[in-house]
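> Below you will find the structure I want to go over with you.
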Amino acid sequence: MIDRHPWLDALAHAVLIAGVVLVAFPVYVAFIASTHGPHDFMSGLVPLLPGSEMVANYRAMLTDGLSSSGAPPLGGMLWNSLMMALIIAFGKIAISILSAYAIVYFRFPFRAVAFWMIFVTLMLPVEVRIVPTFKVVADLGLLDSYAGLTVPLIASATATFLFRQFFLTVPDELMEAARIDGAGPLKFFRDVLLPLSRTNIAALFVILFIYGWNQYLWPLMVTTTSSHYTIVMGIKRMSDVADALPQWNVVMTTVVLAMLPPVVVVVGMQRLFVKGLIETEK
Amino acid sequence: MSAIEIAAVSKVYAGGVRAVSDVSLSIADGEFIVLVGPSGCGKSTLLRMIAGLETITSGTVAIGGRVVNEVDPAARNIAMVFQNYALYPHMSVYDNLAYGLRNRGVPKADIDARVAEAARMLEIAPFLDRKPRQLSGGQRQRVAMGRAIVRKPDAFLFDEPLSNLDAKLRVSMRGEIRQLQRRLGVTSVYVTHDQLEAMTLADRIVVLNGGRIEQVGRPLDVYHSPASTFVASFIGSPAMNLADAEVAGGAVAIGGQVVASGVGGIADGKLTVGLRAEDILPTPNGAGVPFAVRYIEELGATRLVHGSVEGRHLTMALSPDLPLADEIRITVAADRLHFFDGESGRRVGR
Ligand SMILES: Nc1ncnc2c1ncn2[C@@H]1O[C@H](COP(=O)(O)OP(=O)(O)O)[C@@H](O)[C@H]1O
Ligand SMILES: [Mg+2]
């Protein structure tokens with residue numbers, strides 16, 4: 001233990017508070033902006049106290065959208081983002097836990113090759129392979145569909161790697177005890193490995209949900225009709241208007257709404273999430 | 001309950017390591033066999049081949065008259081207790097015991113009854129709802145035993161089940177395992193590197209060395225007539241004293257001093273002579289050979305005296321009542337000597 005010292009304590013607090021302010025202030029500004037009318041920004045000054053248009057702004061964005069910038073009502077975009085984030089999170093978890101299971105527990109030809117191939121794809125995130133991936137998705141006719149939005153993002157080396165590392169810490173005797181207890185490979189996976197991975201799955205889910213939710217470049221490329229727009233690209237479209245000033249109040253309204261689902265996920269799964277990151281007890 | 005027949009079994013691991021070589025062993029129904037040997041001698045490998053967790057490179061294993069080389073572990077009807085217990089961490093004690101039974105479709109009422117009986121026998125009934133991490137090491141050990149018992153297996157296989165317990169608990173669990181096995185009458189194969197555990201538990205001890213059987217026999221037989229210098233130095237604490245000797249015309253001499261004569265059945269040449277610590281006796285008033293005391297280990301009931309005779313190291317066990325000097329005189333009964341071939345280390349003579 002490091003010695004506690006009154007003014008080291010104070011310094012630590014100062015640093016932490018500064019960090020919190022640094023993160024929270026922009027969020028505060030965004031929220032305040034979303035409570036003002038469209039003309040409060042003309043002066044070029046950002047208001048720091050709440051305005052009176054909060055209810056109107058939120059109602060307008062949830063029901064009508066912002067027709068001038070071609071953004072549909074937020075409900076649809078939020079739904080698309082939610083679907084995308086959920087499909088990516090569940091898809092990644094399902095595929096990576098199964099492939100990690102195969103790599104750790106089964107002896108098959110070219111097992112090491114399979115592992116290294118998965119590992120190498122770590123170096124090929126979507127941004128790097130975006131052109132060929134787009135071509136493939138377009139040729140498969142998957143533009144403007146949930147499949148097109150999510151499938152190319154699902155294959156996941158990171159998650160496979162994390163599950164592999166976790167499985168390697170599970171003692172072999174557990175698998176052997178299960179074999180003697182008459183559990184075949186799938187039963188062992190379902191009855192033992194999956195429950196043991198619970199906290200890891202939860203932690204990954206939080207990370208992957210936010211990863212999926214925040215996707216910007218890929219949805220921008222594969223969606224062309226507004227019915228498949230996601231909220232993150234919607235924000236961009238709204239703030240990017242031609243021949244006019246962006247309506248910052250409604251953009252910020254959208255931003256605040258877009259922040260809510262990830263916040264809900266993080267808060268709701270916080271306990272499991274932290275456990276999954278720190279727990280080593282088996 | 002069944003006999004286990006191991007015939008010319010060998011195991012070569014993928015890397016080319018020869019872990020078990022040509023082992024044959026007949027285990028009678030209800031017998032308690034202990035496989036003992038130093039770390040890495042192939043005990044676990046042999047046990048795991050019986051369990052079906054490791055493939056058999058050559059030879060056959062039969063349980064209850066049925067060759068099981070190609071039979072799945074679950075279908076061999078054995079139960080195994082692991083060193084680290086291998087309890088399912090996320091299941092309650094009850095579920096740990098019941099899991100194997102559910103998998104074989106045993107009716108719920110039957111499972112309840114069997115778990116209750118095992119829990120009573122092992123005194124773990126109060127913990128049935130707990131998770132393994134809420135139990136002490138000794139309690140986990142009992143749960144692992146319980147998981148084996150509820151299966152009503154043909155054989156119990158133990159792989160160093162007591163190694164993770166503290167010394168006191170180990171002694172009491174040892175006693176319990178022995179009594180439980182007697183009561184249930186289930187054929188048992190028990191692996192340990194601890195010769196004391198082997199001596200106290202076994203109906204018959206199997207001493208393994210380098211993947212081969214050195215000796216099979218009842219504990220006292222192995223102790224009193226070890227088949228080789230390896231067994232002599234492995235079984236018994238302190239280890240048997242060993243000294244190089246020569247034999248000529250039935251006279252055995254250590255460093256020119258004849259210690260036994262008229263010994264039959266040994267060809268002239270090099271020999272290793274073995275002598276248990278307790279077979280060395282102090283002699284009064286100047287008889288015997290001088291023994292220079294180097295240091296003493298007090299064990300309470302006895303006293304181990306380490307020293308040397310003519311430069312050869314020797315350990316003897318003495319009663320703590322006897323007065324000690326820097327040099328005492330000792331003697332040895334010739335009929336207590338063990339003779340081993342100087343080259344192969346195998347027992348010769350008697
Ligand atoms: N899975 C394995 N692959 C290769 N070699 C192994 C494997 N398991 C054990 N061995 C080797 O086989 C020998 C016997 O091992 P083991 O049966 O575990 O010994 P013990 O249980 O007597 O300590 C050792 O030399 C060990 O290194
Ligand atoms: Mg072992």
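From the backbone N, Cα and C atoms, a Cβ is placed for every residue, glycine too.
In TrEMBL, annotation is done automatically, which means it is predicted and not curated.
Reproduced below are the annotations present in TrEMBL:
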TRANSMEM  A:12-33  transmembrane segment
DOMAIN    A:78-269  domain 'ABC transmembrane type-1'
TRANSMEM  A:82-106  transmembrane segment
TRANSMEM  A:113-134  transmembrane segment
TRANSMEM  A:146-167  transmembrane segment
TRANSMEM  A:188-213  transmembrane segment
TRANSMEM  A:248-269  transmembrane segment
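Give me the local environment of each listed feature.
Nonlocal intrachain contacts for the transmembrane segment (A:12-33), taken as residues 6+ away from its ends with a CB within less than 8 angstroms of a stretch CB, comprise 41, 46-51, 248-249, 252, 255-256, 259.
Counting only same-chain residues 6+ beyond the ends of the transmembrane segment (A:82-106), those with a CB under 8 A from a CB of the stretch are 114-115, 118, 146, 149-151, 153-156, 158-164, 166-168, 175, 185, 189, 193-194, 197, 201, 204-205, 208-213, 215, 219, 230, 261.
Counting same-chain residues at least six beyond the ends of the transmembrane segment (A:146-167), those with a Cβ under 8 angstroms from any Cβ of the stretch are 80, 83-84, 87-88, 91-93, 95-97, 99-101, 103-105, 115, 118-122, 126, 133, 136-137, 140, 193, 197, 200, 204, 208, 212, 215, 218-219, 222-223, 228, 230.
Outside the transmembrane segment (A:188-213), and at least 6 residues removed from its termini, the chain residues within Cβ reach (under 8 Å) are 81-82, 84-90, 92-93, 97, 101, 150, 153, 156, 159, 162-163, 166-167, 170, 174-175, 178-179, 232, 261-262, 265-266, 269, 272-273, 275-277, 279, 282.
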